[in-house]
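Reviewing the structure listed below.
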Amino acid sequence: MSDSAEQARKDEAAMRLALDQAQNAWLVGEVPVGAVIVREVDGVHQVVATGYNRPITTHDPTAHAEIVALRHAAQLLGNYRLPDCELYVTLEPCAMCAMALVHARFKRVVYAAADPKTGAAGSVIDLFAQRQLNHHTAVQGGVLADTCGQLLREFFAERRAQARRERNESSAAPAAPAAGAPETDYNIVEVIEMQDTMPGDLTDL
Ligand SMILES: [Zn+2]
């Protein structure tokens, strides 16, 4: 097997592990994105850490798959820099994750599907191509892109179907506002009701 074919085989095997992590995210109700960090030691590829997207369940806006895996890897290896490591992630990293990976001196980042809304490896911006930054992490996209992108599309299709079902159920309920009622008033009532259900320690601020 040629070097490039061998590299492609390793990349695909690692991305399948990241895809398993993305499935874990879906199981807990998070957007299905998964990551895995590997390094080569004496010619053998080791899995150092895994992570999946969990900002909602952990109340942590920074808990993207890459950051979760990165923190595990840094703790395990006892180092804030991981120059021997490669990270595989099922969706193009955002700017926060891209910079965290550059700060950690990653050797290489491989992603599957492109993210046209927040991708920071070329879709919206390419932080990996900034020559002014002092460390350069190699980046490659498109490994298992269709499979990983399909998982995201299925997740959002299911979310939309669920939202439609909930809308239909609430419009059938007798408590729906009278026809012609100003929409702004209804929205204000909703906001007040949400504030009433906030935990006490937050409303005390
Ligand atoms: Zn991110």
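In case you wondered, yes, glycine gets a Cβ from its N, Cα and C as well.
Automated prediction, rather than curation, is the source of TrEMBL annotations.
Same-site candidate for Zn(2+) binding, as annotated by TrEMBL with C94, C97, chosen from H59, H64, H72: H64. The Cβ of E66 (active site, proton donor) lies under 8 Å from the Cβ of A35, G51, L87, V89, P93, C97, A100, L101, each on the same chain and at least six residues away in sequence.
Break the domain 'CMP/dCMP-type deaminase' (9-124) down by DSSP state and the numbers are 45 helix, 31 strand, 40 coil. Neighbour counts were taken at the CB atom with a 10 A radius for the binding-site residues C94, C97; the maximum falls on C97. A Cβ within 8 Å of the Cβ centre of H64, C94, C97, the residues given for Zn(2+), is found for these other residues of the same chain: A65, E66, I67, P93, A95, M96, A98, A100, T118, A120.
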